[in-house]
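To start, the structure under review is shown below, and the notes come after it.
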Amino acid sequence: MDTMGRHIITELWECNPDKLNDIDYIERLFVDAALRSGAEVREVAFHKFAPHGVSGVVIISESHLTIHSFPEHGYASVDVFTCGDRIDPATASQYIAEGLDAKVREDVKLERGMGPIRVPEAQVAISK
């Protein structure tokens, strides 16, 4: 495959529910994750749901970072997609997992581009 980008789908469990429900914290965390990975932030949009949960996106020149949080379950669904090979999406994904105090993390790493997607086995990290 002619790789045009790398995509990490991250499942985070046993996260800090207060952090998962704090829109300001999550927005700062995601912008910081993008910047720490070397990305250039273009747009930021986050929404707080009632009674709980946050969804948001950080658009970067190289693609995007997204989250959907479920504080009532201690769970967050995170995507980090970067075009090219200058930015390492794993840097941002790791920073986000640590920032949400995730005790269990599962990643699926995909190469995106011109050709069929090959889906590898998920990699699970438990930090109990």
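Placed from the backbone N, Cα and C atoms, the Cβ positions cover glycine too.
Now, the feature entries from Swiss-Prot:
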ACT_SITE  SER63  active site, schiff-base intermediate with substrate
ACT_SITE  HIS68  active site, proton acceptor
ACT_SITE  CYS83  active site, proton donor
MOD_RES   SER63  pyruvic acid (Ser)
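Spacing of the residue listed as 'active site, schiff-base intermediate with substrate' relative to CYS83 (active site, proton donor) is 6 Å (Cα to Cα, whole number).
The separation of the residue listed as 'active site, proton donor' from HIS68 (active site, proton acceptor), Cα to Cα, is 22 Å. When the neighbouring Cβ atoms lying within 10 Å are counted for each of the active-site residues (SER63, HIS68), the highest count belongs to SER63. Around the Cβ of CYS83 (active site, proton donor), the number of neighbouring Cβ atoms within 10 Å comes to 18.
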